[in-house]
Amino acid sequence: MSTYAAYTTSTYQGRGLASGTYASGFGQLVSGMSSAGAICTTQIRDAREREKREIGLLNDRLADYIEKVRFLEAQNRCLSHDIDILRNGFSGGGHVSGLFDAEINQAKHILEQTTAHRSTFERDITGLSAEIEVFRKKWLDAVNAVKAHREDHDVDLDRLAKIEAEISLFKRKIRIVEEDVIRIRRENDGIYNEIARIKQLTHNEIALKNERSLNVSDLLQRINLLQTENNVRIEQELVFIRRDTTADNRDYFRHELQAAIRDIRADYEAISIRNRQDIEVWYREQIRKIQDESVRVNPDLYKEELISIRTTVTNVRSRLAEVEGRNFFLERLIDDLKNNEEAKFFEISLAERDAQIATLRDQCTELSIQMEKLCDNEISLRAEIERYRILLNGANVTTYTSNTHGSGSGIAVGGVVGGSTRVISQTTRTHSSSNTSYSNVPASRGGYSISGNVGGISVGGTIGSHGASAHATGGIIGSGVQAHRGSVSSLITDKPRDRVHDEKGVDQSGRHFHSWYLGTISINQVTPSYIELKNICKIRRVDVGGFRIEQSVNGQVLGSAQINVPLILDPQEVVRFNHRHGKYLGQFFMDVDAFDNSTVARTSMYNYTEPHEERAWFVYLD
């Protein structure tokens, strides 16, 4: 018993150590779990520790019971030995044997109780082991779920890291662009200041030029005035000269003119002599002053003054050259500014024309789209009007009355049960097909059958030996259908049929493909990540709500997806179907791990109005 107790105690201690190891290892896993998972893990760990403590207490109680049993067995052996001694020492029975028997019975009762408690404890241990296994399975499921979520979490973290990297890159680019904008603004401010300074200088030069122009105009006016006065005087003198045409008058005029010339020459010579004398006197006076100053002034000072005068002259010349160069530069700058202004005005006018052209093009596109919509609405309205006209004429309402008597009217319906009369009212919708036949159509009760064609119209059937006849209340149905068939079919055929496109080409990766489609919606591209549909029309918007994409490999369907919401594609717009791992990237996805773009794969497109007619397909040739 002691060996079993030691083995049991060591076993449960080992299990407690293992559970502690699991708990510590699981505690390390808690750091990467969510709050709910961490709470659940903590509760499981507390329950395991509580169970471990209870198992330890039960082991201690079992060991105590075993020790008590061993002690009682030892006492039993001692008492048995004493009983044997007493029995051998005394003859016959006495009261001592009764006492010993009572003690033995009491010890047996205690032993039985201990054995009964042991079985109870073993059952408790078995139940706790089952619960431990259940909790262990739950724990393993939780660990697997955590690992699966951790993989998704890693994928999300990678995507988040890429997005954050792109955001940081865009922010850095924005900062660089902002710095460039600030630098360009500073340069623009400097250029504007330089332009303002040049404009001010230009304004000053223009003002000076205007002033000089005014002075020149004044001088020209004075010259013109003097010239006019002189011309008037000459004209007056010429008048007198023309009057005096005699030789004496000419001689007199000549002598007077010569005398006047001599007087003018004498006056000029006198003035010249007087001016020359005055200049000579002034020159001599200046020479005398210079000589006197040269005697008084130091030659070094004279040299310095001469150098300063030369320097001043040089500076004046350099300034004059600088002014001339600046004037030339300003003239060139004015010409450049004029050219730039003209070019800017031309670009502005050209941009306005382009904007007007783009606006007109958009308006034309919108008008074309509206016109197409109006045409479609007109066609549908015509069809509806014709349909309502047919309904009003009563050409599609037929009432059948069945009885036990037969009458040949070209229309026969089988169906008499027990001599009763049935009235069948049937409404048929007119289609574009010329003859529509219905045969072997089961009725609502077993044994009834209707056969015939709508165009004739003959419907017949039998039940046992009873016959039936029917009468059409709307007149001759065949003629009514024939009368309106042409107009309805003409309205339906007026709608243009979808154009068939059969294209072969090379995609961006260099692979050859073969694409076939009806209308304007095509399968533009198939990659392992997505399938792309495109509206190839440049002016028309198309509704793709209800379109279904299906991909098959060697005739076996790999997967399918449908657009279950109204969706209108603008001209040249695309829509993509992603796989299940990329369902967060778009609105539509297919429940596949990846799309097959090999040569054995075929991608097809269907419309909800014609679910079995293939509207488009796409395959790779290599």
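Glycine is no exception: its Cβ is also placed from the backbone N, Cα and C atoms.
Per Swiss-Prot, the features are as follows:
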{"type": "DOMAIN", "residues": "51-399", "note": "domain 'IF rod'"}
{"type": "DOMAIN", "residues": "509-622", "note": "domain 'LTD'"}
{"type": "REGION", "residues": "19-54", "note": "region 'Head'"}
{"type": "REGION", "residues": "55-86", "note": "region 'Coil 1A'"}
{"type": "REGION", "residues": "87-99", "note": "region 'Linker 1'"}
{"type": "REGION", "residues": "100-237", "note": "region 'Coil 1B'"}
{"type": "REGION", "residues": "238-255", "note": "region 'Linker 12'"}
{"type": "REGION", "residues": "256-399", "note": "region 'Coil 2'"}
{"type": "REGION", "residues": "400-550", "note": "region 'Tail'"}
Q: For the domain 'LTD' (509-622), jot down how many residues DSSP puts in helix, in strand and in coil.
A: 3 helix, 61 strand, 50 coil
Q: Could you put numbers on the helix, strand and coil content of the region 'Coil 1B' (100-237), residue by residue per DSSP?
A: 138 helix, 0 strand, 0 coil
Q.
Treating G and I as helix alongside H, and B as strand alongside E, what does DSSP give for the region 'Coil 2' (256-399) in helix, strand and coil?
A. 136 helix, 3 strand, 5 coil
Q.
Summarise the region 'Coil 1A' (55-86) as counts of helix, strand and coil residues per DSSP.
A. 32 helix, 0 strand, 0 coil
Q | Taken over the region 'Head' (19-54), the model's mean pLDDT | A | 68
